[in-house]
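Participant: Handing you a structure now.
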Amino acid sequence: MSSYSESDAVAKDFRDALEDIQTIGRPEISNLTIIARENIEHALAISSALVDHVKRAAPHKKLPPLYVLDSIAKNVGTPYTLFFSRKLYQTYMDAYAMVDMATRRKLEEMLKTWKEPVPGSIDTRPVFPPEVVRPIENALIKVRTTALQQDQERMRNQQQLFGRGRPVQGVPYRETLTPPGARPPSQTHAYHAQQPPIHHGNGIPYSQPTQPPSVGYQSQPPTLNTTSRSTPQPPSSGAFQPPHMGGYGLAQRGISIDALNDDIQRLTAAFKAQLGQTPHDPIIQTKLKALVDLQTILQTQNLPQEQLVLVKNQISDLAVNMRAPPAQTSTPVSLPNPVAVAPPPVAAPKVSLDSLFGSGALAAIMARNTTPSQAPTPQPPAAPVPIRSPPSQRIEPQKAAPAPADPLALMNMLRRAGMLPPATPATSTTPVPSIIPSTALPFPLPLSGITKSTQPAPPGTIESLTNDIVLKASSLKQFRPQLLPLLFEAQGLQCTQCGRRFPTNEEGKRRKTAHMDWHFRVNQRSNETEKRGLHRSWLVDEMDWINTRETIDKDHVVQAGDSDTAPGGSITKVPKTQYIPVPDDPVLAASVCPICQDKFETRWLDDAQEFVWADAIKVGDRIYHASCHREAFKDGGGTPMYTRNTPEPVLGKRKAEQDELVSLRGKLKVEAV
Amino acid sequence: MAPPKTKAATAAASSITSAPTTTQTLEPYWEYRFEVPHSSILTIKLVSGTAEKDGTELAPNTPYAFTATKSKINTWHGCTLEITAPSSGTYDAYTSEPNADETPMVSYLNLHFKLESLRAAAQRTAQMGPRVLVVGPPNAGKSSLVRTLTSWATRMGRQPLVVNTDSREGMLTLPGTLSAAVFATLIDATTDWGTLPSSGASAIPVKLPLAYYYGLPQSDDNPKLFKRMLGRLAIAATSRLAEDIDVKSAGMLIDTGGVPAGTRGAAYYDFVAHIVAEFSVNIVVVLGSERVGSEMQKRFSGQITSVGETVTVIGLDKSGGVMDRDEAFMQSIRESAIREYFFGNARMTLSPFTQQVDFAAVSIWRISEASSKTAADGGGITYDEGEVHTDMLEKAEPSMMLQNCVLAVACASVHDVPDNIRDANIMGFVYVADVDEKRRRLRILAPVSARLGDRPLLWGSWPEHMVNLLI
């Protein structure tokens, strides 16, 4: 047993335990903390399992693992804090971006405690070093300032729509969750005091903050208190409008096409320079072509404002990427004028992105998201880093078919060309910013209610719209043009690769991201599989068909291993994955797990585009349940979690006779060696 | 109804060698209809506007390559298409130019939205969504309508279960089968229904059909077996509906073979009645035939389904420009379907495996035609169930007769009783490339590299013999 696989095992166990947490309970958290302490030699594996879990958890399930992280950091400390620190910004911000307001509040409270020493400890150092925490704080301040402006704007515009106020649960973090380590009770209410009195019940939005704007809080070490949160922005400046409040917005006026053209020109020049160095790089060529196309569109068509915003954002993105690649391609590129690719300062009536989002509001976030490893020190938020705002495409029901050469289509082209981060999931082992927040970045969008009410959703349900249709030929012949948009505009914008439409709301964006990822994976996989020679698969039997559920762009985390049975009997290596393709050999296909004598579960794995046996592993020419096999192979010793004494409860379905089982195990061991 | 005006805009652009690209602008409701033989490829690209092919929306600026098909592109908003003619070979195309009052697409669209509202209601109340049966004479555009309704449903996020009861044409699988599949996402526009799973990755999600092999072209070739297969299919389809809530609310769309002319029609209506009963159909759409419509009205209107709903019968016009598909063309399509099953298509090349099998190692079951078939053909005697042979399958010895035949591989064991083999769904097909009677060996082409093991092979007469697949 190498310690590597032992670490894996511990991490796996830890992950399983994490997945079991349903409620945020003190016992579970303290349990996991203890496990982490006892397995400190596997700290790396455990911490990455935990961080990974946070990343993958559904938004409403992100808080518990974060509490675990918090608890381990406070109660165990190094080396966990070191490992967490590496990805703390990303983990925290990704989670923050996805959760609701109440959870955000809790996250903020948690963050605050990270700046302080562990209460009761003699160590005076903070839980996490300031250089780790501060970037997060800076980002949060930006987010909240923007959110606040939004709130004010909204209140100014309409009062009734946002009656709920912010759902402030006010549950102080320390009161419930952290294991009873060393926590003086005097701290308990520390955060209560700082809760802004904004929970006014139904219908009444909380009153406008009255504090004067606190200027320059960015430069001093910021604190997350009410003051900064309620800093009012002079309403006259910029009139920030969040993209999702489509119904209100007159704001995004006047992004100058000329300015955009300038940007593109500069970028084009930069790319050309790059091309000069690597003339045959197809990626750069594609990018260059895309840029030229984009420019053509800009010059020949009168695009509506919201599309301009998009174009602008994408250009800004490109600018960021433009700077980032040299490190990856290892070709030193001297840009003619790197500063020039940043959005140029725009004159007064025009709204620059900075004034749209507050100076550099998302900049810090985006900068870190796109170049996580290159900025060991926090990015100064005021730096002219280009900004990508949340995509603001929305469809006005009146607007007819998409413009001939839709800039969005181009965006997707760019994305396909690998210029934009969202659709390129991790191909390497380095962590990539979680996909969801990077496209559908919901800053500052905790306004699910608002989002819904302003969606271009059809007024009324499909049932009410169609109740004049009678199933009679005469009624069916009547053209009802009002229904047509339900199949087109109301379904959102088309995927440029396959034509499917995706709504422009949060859910739709999420689905589109998953969908683009799916395209990416399929393309990647088909390149791989073409080399091996393909063949038609057998169909499944009745029962499997009945139990099949269609998966749409499902994001499977497992990667298809090379567990295929290569003709000619090559060396079988034990696949890392937990599934194998359903064997083509009918005899093998009818086999059962030699250990538990149960059949294998056949599933259609969309990611692999083939039928697979879940939890199966092929050893030699026999197929086992991966879990059974693991059990059978565990040699005692090792970690306490995998004691051999109790395999039965895990499987709970052993039918084989005990002695038969034992002899089988003996055999397996022989084979294994 | 007034037949829509048609105009031969681009007729028979043959013998032009330089792959000319033409631009075709369609106004709203117009259709671009084309026929491409399997020897050539027509590429269509949507340049602007919106366009659909049987309800599947085309992606902008993406080339769609069509081969071995007769189909159409229609538009609701108007569009511009860029059409690249085959560099060799021929194709035939024209535009049909109806207006909103003339195009039957409007009726189809309204039907879709009505179904959609029924689905929404079904979802709300956790009931079964509508079960729609489409009947009509041959070449009325039945499959096209079912496909269009399917695509529109998936575009609204539904997952309808589509059932094909026409063994002349296969849905997803080869001809000779009755099949069912759930469609959750879009259908590959360049194919009829999409592609079957393979070991490779498909840019359009593959669909998983459940298929039973009937092995005969007409439903009255062996009525008893046909009904038996329908019954099996209905049980599986109903079970899927019961267990899969997404499918349940979306309901079923059922395609049928064309109503035969003459006296065989009466027998045909019996099958329709059987389908209506087995699948609890509550909406019968009659396409392009008043005569069939009145027959359906008489039989089903007001009838109560097994779940207590009233059956509705609707008559709709067939699409004005539906092309008659002659038998030779259909045969070439069947042939290319078989070819594609084993060898893939231009986008994905598949490698089937040949193997030598002893006569003794295979178990082949012949699907017998009913004796009433010949009687019905000859003297116009209506089919009577009593006369039909009771044995629907008989064990067959390998012989030269198998040469160039496509056999279905049953999802059963050779040790099963014949009834179980008959009732089993199929895993796929093999092709008999060669029969060596002297050495008593078969050369078999199978999609996957594996022994056939103990799977029984079903030998029907549909799809018909191929000339030779391996040339």
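Cβ atoms are placed via backbone N, Cα and C, with glycine included.
Okay, these came from TrEMBL:
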DOMAIN    B:25-122  domain 'Clp1 N-terminal'
BINDING   B:Glu31, B:Lys70, B:Asn139, B:Ala140, B:Gly141, B:Lys142, B:Ser143, B:Ser144  ATP binding site
DOMAIN    B:136-343  domain 'Clp1 P-loop'
DOMAIN    B:350-464  domain 'Clp1 C-terminal'
Participant: If you run the three-state DSSP split on B:Lys142 (ATP binding site), which class comes out?
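Facilitator: Its secondary structure by DSSP: helix.
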Participant: In Å, how large is the greatest distance between any two Cα atoms among B:Glu31, B:Lys70, B:Asn139, B:Ala140, B:Gly141, B:Lys142, B:Ser143, B:Ser144, the listed binders of ATP?
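Facilitator: With B:Glu31, B:Lys70, B:Asn139, B:Ala140, B:Gly141, B:Lys142, B:Ser143, B:Ser144 as the binding residues for ATP, the largest Cα distance is 17 Å.
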Participant: Please identify, from the binding-site residues B:Glu31, B:Asn139, B:Ala140, B:Ser144, the residue with the sparsest Cβ neighbourhood, meaning fewest other Cβ atoms within 10 angstroms.
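Facilitator: The binding-site residues B:Glu31, B:Asn139, B:Ala140, B:Ser144 were compared, and B:Asn139 has the fewest Cβ atoms within 10 Å.
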Participant: Have a look around B:Gly141 (ATP binding site) and count the other CB atoms within 10 A of its CB, chains all included.
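Facilitator: So the Cβ neighbour count for B:Gly141 (ATP binding site) comes to 25.
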Participant: Within 10 Å of the Cβ of B:Ser143 (ATP binding site), how many other Cβ atoms are there?
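Facilitator: Its Cβ has 20 other Cβ atoms within 10 Å.
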Participant: What does DSSP give as the helix, strand and coil breakdown of the domain 'Clp1 N-terminal' (B:25-122)?
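Facilitator: Helix/strand/coil tally for the domain 'Clp1 N-terminal' (B:25-122): 18 helix, 42 strand, 38 coil.
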Participant: Would you mind listing, in sequence order, the residues at least six apart from B:Lys142 (ATP binding site) in the same chain with a Cβ closer than 8 Å to its Cβ?
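Facilitator: The answer is B:Val134, B:Val135, B:Gly136, B:Asp255, B:Thr256, B:Gly258, B:Leu287.
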